[in-house]
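S.K.: Sharing the feature lines straight out of Swiss-Prot:
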BINDING   Ala10, Tyr11, Ser12, Gly13, Gly14, Leu15, Asp16, Thr17, Ser18, Ala37, Gly118  ATP binding site
BINDING   Tyr88, Ser93, Asn124, Arg128, Ser179, Ser188, Glu264, Tyr276  L-citrulline binding site
BINDING   Thr120, Asn124, Asp125  L-aspartate binding site
Amino acid sequence: MSTIKKVVLAYSGGLDTSVILKWLQETYDCEVVTFTADIGQGEEVAPARAKAETLGVKEIYIEDLREEFCRDYVFPMFRANTLYEGEYLLGTSIARPLIAKRLAEIASATGADAVAHGATGKGNDQVRFELGVYALQPDIQVIAPWREWDLTSREKLLAYAETHGIPVEGKRGGRSPYSMDANLLHISYEGGPLEDPWFEPEESMWRWTTSPEASADQAAYLELDYRCGDIVAINGEVLSPAKVLESLNQLGSKHGIGRLDLVENRYVGMKSRGCYETPAGTIMLKAHRALESLTLDREVTHLKDELMPRYANLIYNGYWWSPERSLLQQLIDGSQVTVNGTVRLKLYKGNVVVVGRRSETDSLFAPEIATFEDDAGAYNQQDAEGFIKLNALRLRIEALKKQTH
């Protein structure tokens, strides 16, 4: 422990990380540098500075990373139509690589020996943070207090805070029963009553979205303009990546879009039940697939669909900074050169309905061939006979073999 002189702590300013800050000072007798990231969690991050100063911190980093988060992490992920286990839009997972990157960079800039985080020893985030940091700063040490200390309950954390004069807003008995995580892409809920997979959460749990039943009775139409697989404008208004998510979150929430309740397989081996609200991401996934259906070659589309689960697993498990994720990203990004155009959507009571798609430059839809009417010889239907016979050849050989036995 004595070899660690300076630690960079991923610091939210909440109870857990404030206790960790003091615990690091006492346990390691080290200087602590705090890093607080604004990735759109909807909380004021400025109070983290005052609290860190109260606890004697001299080097404090508070950074607005919303645009970088959306531009360099969320948008590239959506180019792949990424879903983990067919449902989860990876809202928590995709935020961790950026935080790990800044932890490693700040450690290097400040001469820190170690980084620390507040992830528990039972979850995926400890893996994501640490794999990311090691990939970028291979000689760094990592301190994970939840794997070391005996403060195993909120009551113990509160008692520690009171004993050490740590300012705490939430007192005993006055908090949500859920463990929550939020950023511009989503908000998640775990723990508490949700640990019973049969339990239906109360309507009051959902903080972002109106229930589909109570959502607007009038459908909303919108048009999303894409360039190289990324949304660049909504209803003709050019927006930055972060503004795209903010706008779609507002629209989707109003129309009851983006709720998800699932049991997922954690990388650390257990099953976990979580509820998520991802209005913007739900809209983005539907729209992106619609435009790809118009502009991507069939085999390219199918290859992307085959690779997507592997890509999703890499993000979920914490391998964003791995060479294999980078290689897949190059392939995915290369496929997006032709994903240019506009998608028209209807939002209504929890549904995202594609009602139109067009691309003036890259559409592979050939109406003169696909038409049910007279195609003026553009497609010779007689050619289909040979195509079918050749593709049926192996099936016929197999059937004949069975008949002779």
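Glycine too: its Cβ is placed from the backbone N, Cα and C atoms.
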S.K.: Between the Cα atoms of Ala10 (ATP binding site) and Asp125 (L-aspartate binding site), find the distance and write it as a whole number of Å.
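M.R.: Taking the Cα atoms only, Ala10 (ATP binding site) lies 12 Å from Asp125 (L-aspartate binding site).
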S.K.: Any idea which of the binding-site residues Gly14, Gly118 has the thinnest Cβ neighbourhood at 10 Å?
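M.R.: Among the binding-site residues Gly14, Gly118, the lowest count of other Cβ atoms within 10 Å belongs to Gly14.
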S.K.: Per DSSP, to which secondary structure element type does Tyr88 (L-citrulline binding site) belong, with helix, strand and coil as the options?
M.R.: strand
S.K.: Quick one: Cα separation, Ser18 (ATP binding site) versus Thr120 (L-aspartate binding site), in Å?
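M.R.: Counting only the Cα atoms, the answer is 15 Å.
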S.K.: Could you work out which of the binding-site residues (Ser12, Ser93, Ser179) has its C-beta surrounded by the smallest number of other C-beta atoms within 10 A?
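M.R.: Among the binding-site residues Ser12, Ser93, Ser179, the lowest count of other Cβ atoms within 10 Å belongs to Ser179.
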S.K.: Please name which of the binding-site residues listed here, Asp16, Gly118, Thr120, Asp125, is nearest in space to Glu264 (L-citrulline binding site), Cα against Cα.
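M.R.: With Cα distances computed to Glu264 (L-citrulline binding site), the winner among Asp16, Gly118, Thr120, Asp125 is Asp125.
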S.K.: Counting only other Cβ atoms and using a 10 Å cut-off, which of the binding-site residues Tyr88, Tyr276 scores lowest?
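M.R.: Minimum Cβ neighbour count within 10 Å, taken over the binding-site residues Tyr88, Tyr276, occurs at Tyr88.
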S.K.: Cα of Asp16 (ATP binding site) to Cα of Asn124 (L-citrulline binding site): how many Å, rounded?
M.R.: 17
S.K.: Compute the C-alpha separation of Ser12 (ATP binding site) from Tyr276 (L-citrulline binding site), stating it in Å without decimals.
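M.R.: Here the two Cα atoms are 21 Å apart.
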S.K.: Sorry to bug you, but what's the C-alpha spacing from Gly14 (ATP binding site) to Arg128 (L-citrulline binding site), rounded to the closest Å?
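M.R.: Checking the Cα atoms of Arg128 (L-citrulline binding site) and Gly14 (ATP binding site) gives a distance of 21 Å.
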S.K.: Take the C-alpha atoms of Tyr88 (L-citrulline binding site) and Gly14 (ATP binding site) and report the distance between them in angstrom, rounded.
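M.R.: Per the Cα atoms, Tyr88 (L-citrulline binding site) and Gly14 (ATP binding site) stand 27 Å apart.
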S.K.: Gly118 (ATP binding site) to Asp125 (L-aspartate binding site): how many Å between their Cα atoms?
M.R.: 9
